[in-house]
Amino acid sequence: MEEQRENIETDICVVGAGPVGLFAVFEAGLLKMRCQLIDALPQVGGQLSEIYPHKPIYDIPGYPQILGQELVDRLMEQIAPFRPGFTLGERVETINRNDDGSLTLMTNEHSTINCKVLVIAGGLGCFEPRKPAIDGLTEFEGKGVAYLVRNPEVFRDRNVVLAGGGDSALDWTIFLADIAAKVTLVHRGDTFRGAPDSAEKVFALAKGGKIDLLLQAHVSALHGDGRLQELSILTPQSPVARIAADHFIPLFGLTPKLGPIAEWGLAITQSAIPVKPEDYSTNLDAVYAIGDINTYPGKLKLILCGFHEAALAMQSAFKYIYPAEKLNFKYTTVYGINTF
Amino acid sequence: MNADGSQEPLEVPVNINLSLMEVLRAGGYPIAGTCGGIALCATCAVDILSGNEQLSPAGDQELDMLDLLPQSTSATRLGCQLRLRPEMDGMVFRITPAG
Ligand SMILES: Cc1cc2nc3c(=O)[nH]c(=O)nc-3n(C[C@H](O)[C@H](O)[C@H](O)COP(=O)(O)OP(=O)(O)OC[C@H]3O[C@@H](n4cnc5c(N)ncnc54)[C@H](O)[C@@H]3O)c2cc1C
Ligand code: FES
């Protein structure tokens, strides 16, 4: 049997910790509903943290200008009193309906979350590593191929090949140079436009013989017997050279893919989930979709609109969970923020 | 050019001041353009199959993003950074699969 990481019971499970998922936790918290947030990325913030942390945003009420990451930090501060649970770095793969109408979600890391209401705030979908078209790449996933460095110790005294020319390729090359037995960086260009300081360090490491730097080169195939052993490399000098490798780490950034959400029995049109504009409920009972992932007449993919959707969806979720209780709507200025 | 190698002509008025990404997206082609055209996401990449010499060279920000595309070559560009111009008439391109 596969190892199960966590087993969580909660009122509301929010899939997607982008700005809209984070704000849904606040709206749920005001109504005293407990939330668990899950995101495939190791950090919260969705597109803001992943694509544009340093870009100013001008259309958040009350902030004439705020940086993407700053808004995420503020949202985290705003929801802290409600102490939501976080399952980060795990992708929700399946949802199942239980006899009592509740839902059980399972992640790729075998965590399970039981909830009364599911809120899908999945934005553009999961950010997944860009995978180069290399023969044998997927075959060796988990057997030598990794798309991110979770625990650098895995690479201690091993022979590691990295590919890519962005900041993370440079940063990990520098970091692993001190840990691995041998580090090779393969880059398609002959210059790096990542942080100039990191690029200089990489060139200095190569000059000093600490790493091998293969420029204008491409990894074309992976070989091994059950585990990765060798890579084929194309360079202008040699059409195919084989080099030994225990690990191959292609670092080409992330790209959003709808992913498992498409398999959950939701009606999906053009990669978006159609919802009822009055409460953003989907075709499935107790399942809401808010933010960039949903669609309805007049939909605007803006953070502001996602916040509004979160508020209405959480009011509706309260009525679903507590049908007998009257939702006595008051402004937060009247209620204050009552935490758990 | 389509995935199967067939070519499909794309006719666009030249004075609309749109980028190649915007025109393709409006035409229903599978190009994401996640960041809306500000060279932050690299999901709008195209491979220029002919006519590359007609284009002005990529700027630093565009080159940074192209570095993130595993399959990119010297003929890969970001569709959002290519404003449609009369000189681009006859250009042949393909949406980069990993874009
Ligand atoms: C460059 C750029 C600039 C922008 N500027 C503005 C602006 O100025 N103003 C504005 O209002 N909007 C702007 N936007 C749009 C704004 O970023 C989005 O509307 C907003 O991020 C949507 O938030 P969200 O929470 O719905 O989704 P996202 O931010 O996309 O977050 C969704 C999260 O869900 C996770 N996820 C998806 N599926 C799963 C799964 N199965 N399991 C686990 N996790 C999953 C993803 O990993 C992701 O972190 C901009 C967008 C871009 C790209
Ligand atoms: S649309 Fe994002 S880089 Fe072109």
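Any Cβ shown, glycine's included, is placed from N, Cα and C.
According to TrEMBL, the feature domain 'FAD/NAD(P)-binding' maps to A:11-297. Annotation source TrEMBL lists FAD binding site at A:Asp39, A:Gln47, A:Tyr52, A:Val92, A:Phe127, A:Asp292, A:Thr333.
Residue density at A:Phe127 (FAD binding site): 21 other Cβ atoms are found within 10 A of its Cβ, drawing on all protein chains shown.
Among the binding-site residues A:Asp39, A:Tyr52, A:Phe127, the ones with a Cβ under 8 Å from a Cβ of chain B are A:Tyr52. Same-chain residues at least 6 positions away in sequence with a Cβ under 8 Å from that of A:Val92 (FAD binding site) are, in sequence order, A:Val15, A:Ile38, A:Ala40, A:Leu105, A:Met106, A:Thr107, A:Pro260. Contacts of A:Asp39 (FAD binding site) defined by a Cβ separation under 8 A and a same-chain sequence distance of 6+ are given as A:Val15, A:Gly16, A:Ala17, A:Gly18, A:Gly21, A:Gly46, A:Phe86, A:Thr87, A:Leu88, A:Gly89, A:Glu90, in order along the sequence.
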